[in-house]
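Peer 1: There's a structure below that I have some questions on.
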Amino acid sequence: MQVTEFLLVLGIAVLPGVGSLIGTSIAEFSFAPQWIVGVAMHAAAGVAIALISVELMPRILQDTPPWQVATCFLGGGLLSILLARAARIGRWLAGGGSTSAWMVYIASAADLMTDGLMTGIGVAVSTDFGLLLAFSQVVANVPAGFASIAVFRAEGVRRRARIMIAVSFLAPLLGSAAVGYLLLRDAEPALQNAALAFVVGVLLLATVEDTLPEGDKPQPPRRFSTAAFAVGFAGMVLFSGYFG
């Protein structure tokens, strides 16, 4: 494998992080009411669940035995539990932020990890396919990036720590892209899909158990939170259907 080829993979993988960076910048330099943060978190949850149900699970179930999907999903669930414990450590190191806030961050990081893994596998198939997967996540990651940093800001986490948190989103994105490309480019489809099923376990549980409850805390108007979730889900479906 040539170095330029690997750098191309990482360059493509950065694209989903652009959306997250836009969202974190909006959260950092604007003063949105708390209910708007809750609405953004519902939109992020809609995007994540649409990504799972429309893009990932159909691909996974196509060539993977059900027992393998279930086992890998349970493994992702176990990792989600361990990450919840690790979130308490992150709260102490960052000087604030609730465990739920850190789990919202983890949900966003897991989403980016999924993006990176998909991009890495996609580029292994073809460069055009990898680019398509990466571009599909640019807009989708804006609400997730906004919600994750806005929660920490609302809870009084220091600005320097918030900037470090925002920058840290690159780690799961680039790391999973490298893994997806280097380790899975020549693997059987069943093994590639097993890795995706593991990530689905982390992403789905973090979204349902943490992102949505955290989004309900500021008590956003139901009409706005429901609409945001629906728009996030529908937008992802439309993008997948017409550009995927």
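Cβ coordinates are placed from backbone N, Cα and C, and glycine is handled just like the others.
Just so you know, TrEMBL annotations are computer predictions that nobody has curated.
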Peer 1: Which one of 66-85, 106-125 shows up in TrEMBL as transmembrane segment?
Peer 2: 66-85
Peer 1: Should anything in the same chain at least six residues away from the transmembrane segment (66-85) have a Cβ under 8 Å from its Cβ atoms, list it; otherwise answer none.
Peer 2: 60, 99, 103, 106, 190, 193-195, 197-206, 209-210
Peer 1: Which one, 35-54, 130-151, 163-184, 224-243, has the most C-beta pairs under 8 Å toward the transmembrane segment (190-212)?
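Peer 2: It is 35-54 that shares the most Cβ pairs under 8 Å with the transmembrane segment (190-212).
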